[in-house]
Amino acid sequence: MTHETVPLYGGKLSRRVSIRDLRTAKERGERWPMLTSYDMYTAEIFDAAGIPVLLVGDSAGNNVYAHADTVPVTVDEMIPLARAVVRSTSRALVVCDLPFGSYQQGPEQALETSIRIMKETGVQAVKFEGGLPVVESVRRIVEAGIPVMAHVGFTPQSVNALGGYRVQGRGADADRLIESALALEEAGAFAVVLEMVTPQVAAEVTKRLSIPTIGIGAGPDVDAQVLVWQDMAGLREGPLPRFVKQYGDLRGALTDATKAFADDVVSGSFPAEEHTYH
Ligand code: KIV
């Protein structure tokens, strides 16, 4: 079978996006969008809209499970979300995060968790956070045949160690970040998320790597951009990180629909004749 080489976004691929397609897109200088998804309807919508990569992020911690951050999320909580996203998509490459505590003990634990997630969810790849300390885990998992997306810069699972939500890659940190990204590519990662890093460092990493860089708060000079879908669509309430742009007001739309329903029930105008069986 020949390898279709249509654009990642806007092209009409008749199969799932592969890690090879992502590399080809980088070679072509193509930019592409990525979103998180944790459920059936968003997965269906994003897939139909042509988003080439969907991440079942451990941001489920603070966007699905009502925790303050991602630290408490477990593998058992990730698996049903990832299964739903895989079942609801036919084109997107689906990536599942390894949650905190499920890989930090080293390559064997990381491999065991990755195998479980691949077998029990049907995702096409895993992602986990960290720079040089996780390079050997990346190598071990990739050697076992599992594609790995890396994640450096601000790594939310280490929020306590990093002292809060802070931009990474400033000053002397820049060289370490670039070195980490290069080492992760050398270990076999197929892409790397750069979260909250200076645009200069992100641009330098993007130039030096042959795998795609995916920015979130990393400026414009990266290969792809990712946002948590509830941020992108305006479902979340409260102060937003500077890197978020809201493309909708789902919270407003859902609030209006909820109030209209409640008012109709109270006034007796729902259900009307057309909603009633005879
Ligand atoms: O869990 C997540 O949503 C992520 C993205 C922010 C990249 O890791």
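Yeah, the Cβs are placed from backbone N, Cα and C, and that goes for glycine too.
Since this is a predicted model, take the numbers as computed values, not measurements.
According to TrEMBL, the features are:
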{"type": "ACT_SITE", "residues": "E195", "note": "active site, proton acceptor"}
{"type": "BINDING", "residues": "D58, D97, E129", "note": "Mg(2+) binding site"}
{"type": "BINDING", "residues": "D58, S59, D97, K127", "note": "3-methyl-2-oxobutanoate binding site"}
Based on Cβ atoms within 10 Å, give me the single least packed residue among the recorded positions D58, D97, E129, E195. E195
Distance-selected binding-site residues near ligand 1 (C-beta under 6 Å), from D58, D97, E129: D58, D97
Cα-Cα, K127 (3-methyl-2-oxobutanoate binding site) versus D97 (Mg(2+) binding site), nearest Å, comes out at 5
Among the recorded positions listed as D97, E129, E195, the Cα nearest the Cα of S59 (3-methyl-2-oxobutanoate binding site) belongs to D97
E129 (Mg(2+) binding site) and E195 (active site, proton acceptor), Cα-Cα, nearest whole angstrom: 10
For the recorded Mg(2+) site, whose residues are D58, D97, E129, find every other residue on that chain with a C-beta no more than 8 angstroms from the centre of their C-beta atoms, and list them by sequence position. G57, S59, T70, V73, L98, P99, F100, K127, F128, H151, P156, Q157
Conformational class of D58 (Mg(2+) binding site) under the three-state DSSP mapping: coil
When each of the binding-site residues S59, K127 is scored by other CB atoms within 10 A, the minimum falls on S59
Once DSSP output is merged into helix, strand and coil, K127 (3-methyl-2-oxobutanoate binding site) belongs to strand
